[in-house]
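Below is a structure I'd like to ask you about.
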Amino acid sequence: MAIGGFVDWRGNPIKREVHGGVRAAWFMYFLTVATNMVNVPILLNLVTYLRGTMHMGVSGSATTVTNFVGATSGFSLIGAFLSDSYITRSKTILLFGPLEFLGYGLLALQAHVPSLHPPPCNIEAELSNCKEVRGWNATLFYTALYISAFGEGCMRACLPSLGANQFDHEDPSESRQQSSFFNWFTFGISFGGFVGLIFMVWLENYKGWDIGLGLSAILILLGLLVVAAGLPFYRNQVPEGSPLTRILQVLVVAFRNRRFELCEELEEAQESSAERGSTKVLSQTNSLKFLDKACINHGNEGAWSLCSMMKVEETKIVLRMLPLFVSSMIGYVSNPIIFTFTVQQGGMTNTRLGKIHVSPATLFIIPITFQMVMLAIYDRFIVPFLRKRTGYSNGITHLQRIGIGFASMVLASIIAAVVERKRKEDAVQMSLFWLVPQFFLLGVSDVTSFPGLLEFFNSEAPRGMKSIATALFWCEIGLASLLATFLVQVVNRATRHGHKGGWLEGTSLNNSHLDLFYWVVAVVGLLGFVNYLYWAKKYVYHQDPRIIDEPSVDQDSP
């Protein structure tokens, strides 16, 4: 049976029994694992390369990493706009993904050729004799770095949305599979990061950065080849033009018609809602009624004088999601703070597990391991159990799942404060195992809030804005990290007295006040959680999260 609005890679109508489903999703899982085997270790280990090989200063290397992360999120918006407006998501991945391969290839070449980077030296012992990367070599480095960021950003925006397109949310069976896709997509991120932190970091630090970066380029290329091999099986959504233009048209026309009175029924809007290329007419809602004035026909024609009900309802969906976007960003602030400082706490504990010494960088494996185990348990056991009792296809709603994650972050902050106080008061170095509860709660938040937010933005966004919604999700994570940095700076400035530094300005955690800062984080997290609950309670779902008893007769929508 064909599904309207979707085509195969050659532009022909698709068939349910041939295209989409779990088989198509497996190709995307592979690319997810391959890219995160590269990207997670690079994010955590790039400072080592910048300091040891490029001889950058402490602030310069840290800024380069944060700029790289921010650029990746920003570039994802470009890829999302192109895939939603003009080209399919699979083509966007295959068109821009090779740029990431090219970027890592250039970085590997630079690391391998001695003339393309500064001469070796010990930056800690011979600081005055170490030359920082300059001139053409610096240009080559930044060009390669941001080329890879552009390719990764475009793939990051399109991959979750392309995966979700392989399942019809109006079909009971495929709706459940779509929810599982986001769980296993998150599992792929964790598994790729797990393997990368063990193998890739070791390769980069002990066998050479040229080998590590070269293998990274090969992994990216292998992932792209596997995704290309799956082209005959994908359901590709037909782009419907710029969604941002449609939203702007509604806002402009509604403002122009602000003095007109709304009729009981907007017949003109209903007639014009069945636009060319449109496969589903959204039902009229009673919220944000002032936007309905964009549908009033007062004799003028054209997209900037009269809008269809479809455009108006798409705009309403986006505006209704904005408060949750902001409140979720505030609620997520605790996560990067707890994650970063928990690893630093781990470096101050007894990290010996029998005869094995666990390095601080390797501690990232602990929350990732928790996350992988809990994701498998959640998807295979908890969701089916809850589905039978709640009637929701995902076991619980997206917003409930996100709320559980935010609550676990608040609890993790409180436990972390108590544990840090105990660590400072103990005469004997405490065991790493004292950090297990907060590592566990970090895993809970990543199992709930991370995939919950990703699935919420993707499922609730209008059909022509799925990639942009995914890109906004990644931007939200990045903005939450920036807010976390801002909170650290504010607390340090507020607690600084004369020559006495702020709570987190000590030379080590032993002469800092991380325990008090954790309490501040707990309060901020609680306020963010309460704010999130307010907006979540008011939100009305565009896509019904309950189980559909019978398959939909209308096969026009994805």
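Numbering starts at 1 and runs along the chain as displayed.
Any Cβ shown, glycine's included, is placed from N, Cα and C.
Positions annotated as transmembrane segment by TrEMBL: 26-47, 181-203, 215-234, 317-338, 358-378, 399-419, 439-457, 469-491, 516-536.
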State the residues, same chain only, that lie 6 or more residues beyond the ends of the transmembrane segment (399-419) and have a CB under 8 A from a CB inside it; answer 'none' if no residue qualifies.
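Same-chain contacts beyond the flanks: 324, 328, 331-332, 334-335, 338, 341-342, 345, 434-435, 437-438, 441-442, 444-453, 456, 515-516, 518-519, 521-522, 525-526, 528-529, 532-533, 536, 539.
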Quick one: find which recorded stretch in 26-47, 181-203, 439-457 has the most Cβ pairs under 8 Å with the transmembrane segment (215-234).
26-47
What else in the chain is close to the transmembrane segment (469-491), if you only count residues 6 or more beyond its ends and a Cβ gap under 8 Å?
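Answer is 69-70, 72-74, 76-77, 79-80, 153, 156-158, 160-161, 325, 328-330, 332-337, 340, 453-454, 457-458, 460-461, 502-504, 517, 520-521, 524.
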Mind pulling out the one from 181-203, 317-338, 439-457 with the most Cβ pairs under 8 angstroms to the transmembrane segment (516-536)?
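By Cβ pairs under 8 Å, 317-338 leads among 181-203, 317-338, 439-457.
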